[in-house]
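Asks: Per Swiss-Prot, the features are:
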type	residues	note
BINDING	39, 40, 41, 42, 43, 74, 112, 141	4-amino-2-methyl-5-(diphosphooxymethyl)pyrimidine binding site
BINDING	75, 94	Mg(2+) binding site
C-alpha cells in the first residue's frame, strides 16, 4: 500500500490491553466510522503474546483491508514480516531506522519523535511520517514523556514543511481540531475510541 499523508488524518492505535470488549468489534466500528489508518500496538500490562497476539493481528489486518485502510504494526519487526503488514511504526528505543528500512524497502515506516534532539538525530529521509508527542499529558502509555504542546507542531512544520506529521498523546474529541489547525496532518488516538460507547460520533469529531 502506497503511503499518502491523508492516511494520517484519523489514525487509530489499539491493542487488546486497551479494550473492554472484543478489539475486532471496536476496529470494525471505527473503520466503518471513518478512521484512515490503524496501528496494532500490543504492549504493556495484560497484552497478548505468542500465538494469541499473532491470531488477533491477522484478524485486525483483515478488517483493515476490508475497509482499505493501512494496517501498521508497532515496533514488532518479526510480526510485521510474518503478516506482510502495510507498515511499521518504531520508537527511539527500537531498531534503528536504517535497519528497518533495509528490511522494509517498500513499506510505510513511521518514527516517534518527542524532542528536538531526537528530531535532529533521526534520518528523516528514510521515514514516511513522524509521530510527534505527547502533545498533551496522557494516561494511556505507562512510559509517556513530557507533553510538548501545540507550539512544537507549528515549529516542526516550519522546519520541515513537506514531512508528514501525526500528533499523539492526550488527544480526544475536544482538542483534535486545534491540533489540525496547528498544522498536523493528522491525529492519533487510543482511548478516545476504546473508552467510548459512541464510536461513530467520536470518529466524526476527531
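A Cβ is built for glycine as well, from the same backbone N, Cα and C atoms used for every other residue.
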Asks: What does the structure give for the C-alpha distance between residue 41 (4-amino-2-methyl-5-(diphosphooxymethyl)pyrimidine binding site) and residue 94 (Mg(2+) binding site)? Integer Å is fine.
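Replies: That comes out at 14 Å between the alpha carbons.
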Asks: Counting other Cβ atoms within 10 Å of each residue's Cβ, which of the binding-site residues 42, 75, 94 comes out lowest?
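Replies: Counting other Cβ atoms within 10 Å of each of the binding-site residues 42, 75, 94 gives the minimum at 94.
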Asks: So if I draw a 10 Å sphere around the Cβ of residue 39 (4-amino-2-methyl-5-(diphosphooxymethyl)pyrimidine binding site), how many other Cβ atoms end up inside it?
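Replies: Its Cβ has 26 other Cβ atoms within 10 Å.
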Asks: According to DSSP, does residue 75 (Mg(2+) binding site) fall in a helix, a strand, or coil?
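Replies: SS state of residue 75 (Mg(2+) binding site) = coil.
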Asks: Looking at Cβ-Cβ distances, which residues of the chain lie under 8 angstroms from residue 74 (4-amino-2-methyl-5-(diphosphooxymethyl)pyrimidine binding site) while being 6 or more apart from it?
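Replies: 13, 15, 39, 40, 41, 42, 43, 88, 89 - these are the non-local Cβ neighbours of residue 74 (4-amino-2-methyl-5-(diphosphooxymethyl)pyrimidine binding site), listed in sequence order.
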Asks: Looking only at DSSP and grouping its letters into three states, which state does residue 112 (4-amino-2-methyl-5-(diphosphooxymethyl)pyrimidine binding site) belong to?
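Replies: Once the DSSP labels are grouped into three classes, residue 112 (4-amino-2-methyl-5-(diphosphooxymethyl)pyrimidine binding site) ends up as strand.
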Asks: What is the interatomic distance between the Cα atoms of residue 75 (Mg(2+) binding site) and residue 112 (4-amino-2-methyl-5-(diphosphooxymethyl)pyrimidine binding site), given in whole Å?
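Replies: Approximately 11 Å lies between the Cα of residue 75 (Mg(2+) binding site) and that of residue 112 (4-amino-2-methyl-5-(diphosphooxymethyl)pyrimidine binding site).
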